[in-house]
Amino acid sequence: MCDHFSAREALLLLTPEQMGRADRAAMEAGISGSLLMENAGTAVAMRAQEICPHGGHVLVLAGPGNNGGDGLVAARLLAERGYRVRLALLGSREKLSGDAAIAASRWQGGLEKLSAGIDLSADLIVDALFGAGLGRPIEGEVAALVEAVNACQRPVLAVDLPSGIDGRTGCVRGAAFKAAKTVTFFREKPGHILLPGRLHCGEIHVADIGIPDAVLPDLSLKLWRNHPGLWHDVLPVPDVEGHKYARGHTVVVSGPAHATGAARLAARAALRAGAGLVSMAAEEDAIPALAAHLTAVMIKKVDGAQGLAGLLSDARLNAVVIGPGAGVGQATCERVAACLQSEAAVVLDADAVTSFKDQPARLFDAIEARSAPVFMTPHEGEFSRLFPDLAEHADKVEKTRKAAERAGAVVLLKGADTVVAAPDGRAAISARDAPWLATAGTGDVLAGMIAGLAAQRMPAFDAACAAVWMHADAARRFGPGLISEDLPEMLPAVWSQLAAERCAD
Ligand SMILES: NC(=O)C1=CN([C@@H]2O[C@H](COP(=O)(O)OP(=O)(O)OC[C@H]3O[C@@H](n4cnc5c(N)ncnc54)[C@H](O)[C@@H]3O)[C@@H](O)[C@H]2O)[C@@H](O)CC1
Ligand SMILES: Nc1ncnc2c1ncn2[C@@H]1O[C@H](COP(=O)(O)OP(=O)(O)O)[C@@H](O)[C@H]1O
Ligand SMILES: [K+]
């Protein structure tokens with residue numbers, strides 16, 4: 001998907017079940033299933049022609065359902081256009097039904113029986129075995145074929161989803177093709193973006209097969225690909241006449257003297273994210289270390305949780321980060337409670353999450369009692385401490401949503417496919433590869449960025465999504481060799497590009 005802004009609606013993700021409802025709604029609106037399949041197969045053939053030289057040898061692997069039907073249409077069109085097409089079918093032609101049977105009746109070529117030992121010598125292999133209808137793990141002969149195809153080094157074009165990838169969760173069920181390209185229809189599915197599914201799809205193309213956008217409202221969709229199109233219209237833009245106080249004041253709660261670095265990373269990130277002022281709340285013993293390093297960030301001396309509560313009673317301090325370097329234990333719980341008593345937006349990161357391992361209800365009750373937003377930024381380990389019953393859930397979107405609803409907070413379940421979920425069920429999945437982020441301290445930077453955006457009064461869900469995207473964009477701009485300190489320094493370039501695209505939009 002390209003990086004320019006696209007409409008919010010274009011970023012919606014449909015589960016296979018929702019896609020089935022969209023198909024049915026389109027058919028009720030008078031668009032026949034056969035036409036949808038013809039359009040799907042046409043889109044597949046077009047992509048095949050991009051990969052395979054004219055007249056080349058294409059092997060189509062067709063399954064017993066409509067995914068196979070799409071493959072049959074593509075096979076026919078490619079043969080008509082001069083390609084040498086072989087078609088291998090799983091199951092018998094007689095068992096095909098509905099639109100797939102119609103597609104088979106139009107196929108004039110031969111049919112091979114699909115088996116693990118089939119001849120794979122082709123310029124392109126089209127995977128039309130299973131798509132939305134994958135109902136169980138791929139096993140036996142078919143699994144052996146998938147492994148053989150993956151080992152044979154020929155390009156694979158997947159129809160809708162690489163067979164074996166669960167369209168809802170992105171999980172591999174048994175075995176899954178590794179595709180060079182995937183053509184999907186109408187909208188992307190979560191399984192294209194969540195890991196490991198994303199790694200099996202290759203380049204993703206979304207084809208318009210004639211399903212009208214008018215079917216979308218009835219589906220009550222609340223899941224998007226995380227992309228600027230989702231939040232660019234609520235990104236904070238400094239006023240020509242504005243002053244620093246109008247851009248909000250972020251407070252970062254420092255760890256003790258030996259652990260101040262994480263909070264400094266968050267503070268620097270909050271400044272670069274655009275907060276007008278950033279202060280570090282620190283106990284006396286941490287101040288020398290902080291003072292030796294901080295310039296634009298102010299230091300406010302606080303004494304324990306009570307001192308922190310006193311500082312935060314000033315309503316101008318409207319966003320606070322606690323957790324980076326905080327230490328796990330009761331003292332952190334007390335300080336978190338002080339933060340939650342304030343009217344500021346609160347970002348709970350790292351130790352602030354882990355400290356409530358044995359008393360999550362205490363945390364959730366304190367969140368329920370306030371109206372300002374709360375963000376939680378756990379990685380999988382921290383998530384499992386606070387939400388042990390959800391940790392093993394195979395569906396990353398669903399488990400993040402459940403956690404957000406339970407906690408009453410915007411939850412960011414971090415990783416290479418970070419999911420952001422709001423208590424009202426909205427969720428977004430990050431799809432930007434940024435492997436350089438896997439280095440110490442990048443999470444602290446993210447927490448600071450969220451607080452910097454929240455201080456500027458960006459709506460909570462949008463602020464979290466924007467921070468995740470900008471964080472990955474910063475990492476991609478820097479590339480190899482990135483350390484967490486580099487991330488805030490890349491943010492001016494990220495902002496400039498966002499501003500330029502906003503003008504061009
Ligand atoms: N419904 C529609 O109108 C449209 C559907 N389209 C295509 O239809 C696909 C969905 O079609 P279906 O719902 O028929 O489902 P699929 O064709 O994805 O798969 C269902 C078939 O595969 C079998 N199957 C499932 N998992 C299996 C496994 N692990 N091992 C062996 N057999 C297995 C099922 O018994 C069933 O026969 C989409 O992915 C898309 O490619 C497109 O043609 C666009 C329009
Ligand atoms: N392989 C990866 N690809 C993309 N992002 C990653 C990857 N690994 C980690 N990240 C991101 O880097 C950050 C790491 O945060 P965290 O685990 O809290 O680290 P730390 O505690 O060292 O700051 C998160 O935003 C996470 O999503
Ligand atoms: K497929």
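Each Cβ is built from the backbone N, Cα and C atoms, and glycine gets one as well.
According to TrEMBL, the domain 'YjeF N-terminal' annotation covers 19-217.
Annotation note: His379 ((6S)-NADPHX binding site) sits in a coil segment as assigned by DSSP. Counting only same-chain residues at least 6 apart in sequence, those with a Cβ under 8 Å from the Cβ of His379 ((6S)-NADPHX binding site) are Leu413, Lys414, Gly415, Gly443. What TrEMBL lists as (6S)-NADPHX binding site is 66-70, 131-137, Asp160, Ala262, Gly325, His379, Asp444.
Annotation source TrEMBL lists K(+) binding site at Asn67, Asp127, Ser163. Summarising the environment of Asp127 (K(+) binding site), the number of other Cβ atoms within 10 Å of its Cβ, over all protein chains shown, is 29.
Taken from TrEMBL, the feature domain 'YjeF C-terminal' applies to 227-498.
Cβ contacts within 10 Å of Gly415 (AMP binding site), excluding its own Cβ and spanning all protein chains shown: 16. Feature annotation from TrEMBL assigns AMP binding site to Lys414, Gly415, Ala416, Asp417, Thr418, Gly443.
Checking the binding-site residues Asn67, Asp127, Gly135, Ser163, Asp417 against ligand 3, the ones with a C-beta less than 6 Å from an atom of that molecule are Asn67, Asp127, Ser163. Counting in whole angstrom, Ser163 (K(+) binding site) lies 9 from Ala132 ((6S)-NADPHX binding site) by their C-alpha atoms. Shown are the binding-site residues Gly69, Gly135; the one with the most C-beta atoms within 10 angstroms of its own C-beta is Gly69.
Spacing of Asp417 (AMP binding site) relative to Asn66 ((6S)-NADPHX binding site) is 29 Å (Cα to Cα, whole number). Taking the Cα atom of each, Ala132 ((6S)-NADPHX binding site) and Asn67 (K(+) binding site) are about 8 angstrom apart. Spacing of Gly69 ((6S)-NADPHX binding site) relative to Ala416 (AMP binding site) is 34 Å (Cα to Cα, whole number).
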